[in-house]
Amino acid sequence: MEIITQDGWLEVITGCMFSGKTEELVRRLRRAVIAKKETIAIKPALDTRYDLVAVVSHSGFSFNAIPVEDPKSILGMAKDAEVVGIDEAQFFTGELVPVIRELLQNKKRVIVAGLDLDFRGEPFGIMPTLLALADEVTKLHAICSVCGNIATKTQRLINGRPARYDDPTILVGGLETYEARCNLHHEVPGKTLTLFKE
């Protein structure tokens, strides 16, 4: 389901790397422009992989964007917008959550894209909160680079080997640093299994 109105609606597009999250965000933003909605895109300032002033998918789809360090500044930027797209939401601080809530109260349609899990296979940053608050969630999958099955995990590689559990969570990169993997082929040396108690 794709909503074209702007009545305080939060859409979250999530999944592992190379699943098409940014591509789907760009598609929805372009459709909003076609529907003559005032539309802006936001990206974290630290995401400088492909373009400083655009959200760009790994496959090359793009939409002009404003790089942001402080999530609170989004409120001023989005004052006249009906549709607000936010890419790589997992890189923003928790301050993004009240900003999104205020955008929704101001009847904006907010479309967020971000990784649900970090390279360790654990919930990433503010994404669990945004997924819980969302009116609509789209979970995308990639293809495992090892076996070709459905991939739901992001594998970080350092010199061609799986990154260790205790490596830093955030490392901006693309094909040179990450692969999509299925549960069977996702490796995190040093990770201990945690059993949940009821």
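A Cβ is built for glycine as well, from the same backbone N, Cα and C atoms used for every other residue.
According to Swiss-Prot, the feature ATP binding site maps to GLY15, CYS16, MET17, PHE18, SER19, GLY20, LYS21, THR22, ASP87, GLU88, ALA89, GLN90, an assignment based on sequence analysis. Feature annotation from Swiss-Prot assigns active site, proton acceptor to GLU88. If you look up Swiss-Prot, you'll see CYS144, CYS147, CYS182, HIS185 marked as Zn(2+) binding site, on the strength of sequence analysis.
Of all the binding-site residues listed here (MET17, CYS144, CYS147), the one with the fewest other CB atoms within 10 A of its own CB is CYS147.
Each of SER145, VAL146, GLY148, ASN149, ALA151, ARG181, ASN183, LEU184, HIS186 belongs to the same chain as CYS144, CYS147, CYS182, HIS185, is absent from that list, and has a C-beta within 8 angstroms of the C-beta centroid marking the Zn(2+) site.
When the Cα of HIS185 (Zn(2+) binding site) is compared against those of the recorded positions GLY15, LYS21, GLU88, the shortest separation belongs to GLY15. Cα of GLY15 (ATP binding site) to Cα of CYS144 (Zn(2+) binding site): a span of 13 Å. Taking each Cβ in turn and tallying the other Cβ atoms within 10 Å, the top scorer among the recorded positions ASP87, GLU88 is ASP87.
Burial estimate for the binding-site residues (ALA89, CYS182): highest at ALA89, by number of other CB atoms within 10 Å. Other Cβ atoms within 10 Å of the Cβ of LYS21 (ATP binding site), summed over all protein chains shown, number 28. The record assigns GLY15, CYS16, MET17, PHE18, SER19, GLY20, LYS21, THR22, ASP87, GLU88, ALA89, GLN90 to the ATP site; their largest pairwise CA distance measures 16 Å.
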